[in-house]
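Visitor: This is the structure I have questions about; it appears just below.
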Amino acid sequence: MGENLFVGMAKGLRTWLESNHFLPIVTDVFLMLLAVVGVLGFLFLNALFLIYYDRKFGAWVQARLGPNRVGPRGIFQTVADTLKLFAKEIFIPNNVDRWPYLLAPVLIFTIPVMLFLVIPFGKGMVPYDLNLGVLYLVAVTSVETIVLWMAGWSSNNKYSLLGAMRSVAQMLSYEMPVIFAMLSVVMMAGSMKLSDIVAAQQKVWFIFLQPVGFLIYFIAVNAEFKRTPFDLVEGESEIISGPYTEYSGMNFALFFLAEYTNFMIGAIMVTTLFLGGWNAPFGWTFIPSWLWFIIKMYFVITLYMWTRWTFLRIRIDQMLNFAWKFLLPVSLVNIFVTGVGLYLYRMIRW
Amino acid sequence: MSTYTIPVGPLHVALEEPMYFQVQVEGETIVGLEITAGHVHRGLEYLAMKRNIYQNLTLLERLCSLCSNNHPFTYCMALEKIAGIKIPERAEYLRVIADEIKRIASNLFNIAMLAHIIGFDSLFMHVMEVREIVQDTKETIYGNRMDLAANCIGGVKYDLSDEKIKYLIKQLDKLKKPLEEIIDIYMNNKFVRARTEGVGILPKDEALRYGVVGPVARGSGVNNDVRVKSPYAAYDRLKVNVPLETGCDVRARAIVRLREIQEAINIIQQCLKDLPDGPTCIDYLPEIPAGEAVAKSEAPRGELIYYLRTNGSDIPERIKWRVPTYMNWEALKVMMPGNKVADIPLIINSIDPCISCTER
């Protein structure tokens with residue numbers, strides 16, 4: 001019954017608009033806007049909840065209570081924090097490069113929104129089903145580094161610059177394993193369209209066919225989105241807050257929220273590429289597909305948080321060594337093995 | 001590649017106390033270091049010369065938070081040397097107990113900070129939770145979590161009843177198991193090792209040249225523990241094993257601190273076993289004649305030296321102390337170069353700097 005909730009709503013709205021004789025273009029634009037608003041709402045609400053969840057999870061791991069004052073069990077803590085940051089003065093230091101400095105926090109938030117364009121949230125719930133979805137994901141995620149570099153360089157602060165330099169080094173080295181791991185999935189599915197990839201996992205999820213690829217992807221995405229043990233870009237005890245050092249008030253809050261939305265995207269990508277997307281396991285279709293998607297997303301998020309609270313921050317040279325000397329060769333071998341495997345499989349089949 | 005300067009401090013997230021380091025950096029590699037001190041100067045040395053000897057006991061305890069017991073302890077020893085007071089034997093043991101409890105708390109704090117600096121906040125919380133056992137013990141026995149107010153001229157201000165001794169033994173036993181776990185993590189966890197091994201190397205000859213003291217020296221294989229080299233209080237009757245490490249790096253210093261906690265537990269147990277009966281303090285108000293004396297003790301951070309000169313009045317004519325950090329921070333110039341920017345706070349933390357003591 002819940003399966004067609006959102007799809008049905010969109011369909012009903014379209015028929016109603018069409019029956020009222022609006023211009024077709026008005027109907028299309030209206031529905032597109034509605035989808036954007038829906039995505040933004042999903043993004044913001046989840047990011048707000050994620051910050052709370054992360055703090056609570058950290059508290060569980062460390063045998064503390066965590067936020068517990070604002071609202072029942074402290075659930076409104078992030079809302080209160082955001083409101084506080086809204087009320088704060090946006091302080092602009094004298095020596096910053098004004099335009100890039102002010103543009104960076106705005107741009108950083110556009111990237112996750114752009115990424116949501118191609119994500120299949122449920123059965124028939126793709127904002128825009130691009131046929132180069134995987135390529136699009138890779139391309140847009142790497143743009144984030146440019147924004148961080150903008151923030152770091154324009155801040156005119158050595159800590160910021162160091163953080164930005166680290167983010168570039170991190171992106172350059174971890175982009176390769178990410179792409180190769182994605183490539184192995186694309187080889188299996190035979191398509192770059194995300195909905196095709198999800199459809200290809202109807203029977204067996206790719207995590208079982210590509211366990212090595214999954215591990216590489218899981219680690220490399222963690223590095224891409226700068227979570228512990230790869231949170232060197234921020235490196236709280238070393239370089240204050242990296243590129244965010246000179247930001248205050250809502251500008252900082254935007255960076256902070258973007259960090260968590262990125263984190264969410266990471267989990268969504270793992271879900272879509274390896275955990276079967278919105279496909280229900282064991283044929284349990286009584287739970288709607290979009291709910292399965294969210295459940296899987298939160299499962300992956302929990303895994304990432306677990307990693308975060310049980311590891312420490314590694315050093316830049318160790319991080320680069322790990323990427324170039326371990327992850328990259330392993331992912332190359334994985335691609336080779338996948339190719340040979342697929343070839344043999346087809347030979348036997350036909 | 002050209003060099004540039006990164007300022008670390010005076011206020012920095014990884015420093016507990018204000019200290020200003022100008023670090024010359026080439027890319028991410030450190031090439032030079034300049035230290036500027038003087039951000040928490042409170043004029044305590046002058047203040048101590050305006051107070052009488054009894055008031056100074058309270059004042060000196062507030063010099064520093066983590067080694068707060070050692071300052072009045074050493075000050076009392078200097079005064080007793082001038083006045084020729086022989087303190088009761090029970091008091092000597094009780095002084096050692098207070099000192100070792102503070103050592104456990106101080107070393108655990110430093111170890112926890114190490115975990116925080118390498119970004120391992122769960123371990124930080126765990127170590128602080130274990131440290132809470134020691135804090136509870138301090139509160140139960142001395143009525144205070146930080147400043148014990150244990151020492152007075154001619155003895156100690158507190159006594160251990162049988163009930164308290166039982167409690168202390170129980171608490172120490174409670175500490176042992178988690179401590180072993182923590183030592184295992186710091187010694188064997190791959191990630192902790194990766195971050196601490198080979199970082200901030202201070203070779204033995206450099207350690208001797210800079211005259212470093214305390215766990216910094218012992219991490220480089222130099223044994224200059226005052227408790228063994230020139231025993232004071234009851235240490236001549238106790239068996240003290242000095243843990244020595246030859247790694248010369250941050251890890252070696254951390255392990256020395258952890259082993260010292262185990263040794264401190266051992267020492268307290270020895271003390272409790274052969275704690276003599278008798279008074280805890282002399283029963284008269286001593287006259288302090290004119291004279292001068294030097295006393296030293298082993299603080300958690302290393303050798304602490306007090307120089308005291310009196311002129312027959314109850315106000316000291318000159319009082320001066322040399323704290324361990326003063327000897328250790330110069331050695332940072334040897335430890336730093338060649339390491340990465342990420343290791344700056346780690347190396348600074350490894351000498352366990354106590355800026356409040358050093359700048360008075």
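For all residues, glycine too, the Cβ spot is worked out from N, Cα and C.
Residues or ranges marked as transmembrane segment by TrEMBL: A:29-53, A:101-122, A:134-152, A:172-192, A:204-223, A:252-275, A:282-306, A:326-345.
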Visitor: Please figure out which one of A:29-53, A:101-122, A:204-223 racks up the most CB pairs under 8 Å against the transmembrane segment (A:134-152).
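Guide: Answer is A:101-122, with the largest number of Cβ pairs below 8 Å.
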Visitor: Relative to the transmembrane segment (A:172-192), which of A:29-53, A:101-122, A:252-275, A:282-306, A:326-345 accounts for the most Cβ pairs at distances under 8 Å?
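Guide: Checked against A:29-53, A:101-122, A:252-275, A:282-306, A:326-345; highest Cβ contact count belongs to A:326-345.
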Visitor: Within this structure, do the transmembrane segment (A:252-275) and the transmembrane segment (A:29-53) have 3 or more Cβ pairs under 8 angstroms, counting pairs 6 or more apart in sequence?
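Guide: Result for the transmembrane segment (A:29-53) with the transmembrane segment (A:252-275) is yes.
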Visitor: Checking distant contacts: for the transmembrane segment (A:204-223), what same-chain residues at least six beyond its ends satisfy Cβ-Cβ under 8 A?
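Guide: For the transmembrane segment (A:204-223), the far contacts come to 170, 174, 177-178, 180-182, 184-185, 188-189, 197, 229-230, 266, 269-270, 273-276, 279, 281, 303-304, 307, 319, 323, 327, 330-331, 334, 337-338.
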Visitor: Same chain only, please: residues at least 6 beyond the ends of the transmembrane segment (A:326-345) with a C-beta under 8 Å from a C-beta of the stretch. Say none if there are none.
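Guide: Answer is 174, 176-177, 180-181, 183-184, 187-188, 210, 212-213, 216, 219-220.
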Visitor: Under an 8 Å Cβ to Cβ limit, what residues of the same chain, 6 or more beyond the ends of the transmembrane segment (A:282-306), are close to it?
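Guide: Distant Cβ neighbours of the transmembrane segment (A:282-306) are 2-3, 5-6, 50, 53-54, 57-58, 61, 121-123, 125, 218, 222, 227, 263-264, 266-268, 270-271, 275-276.
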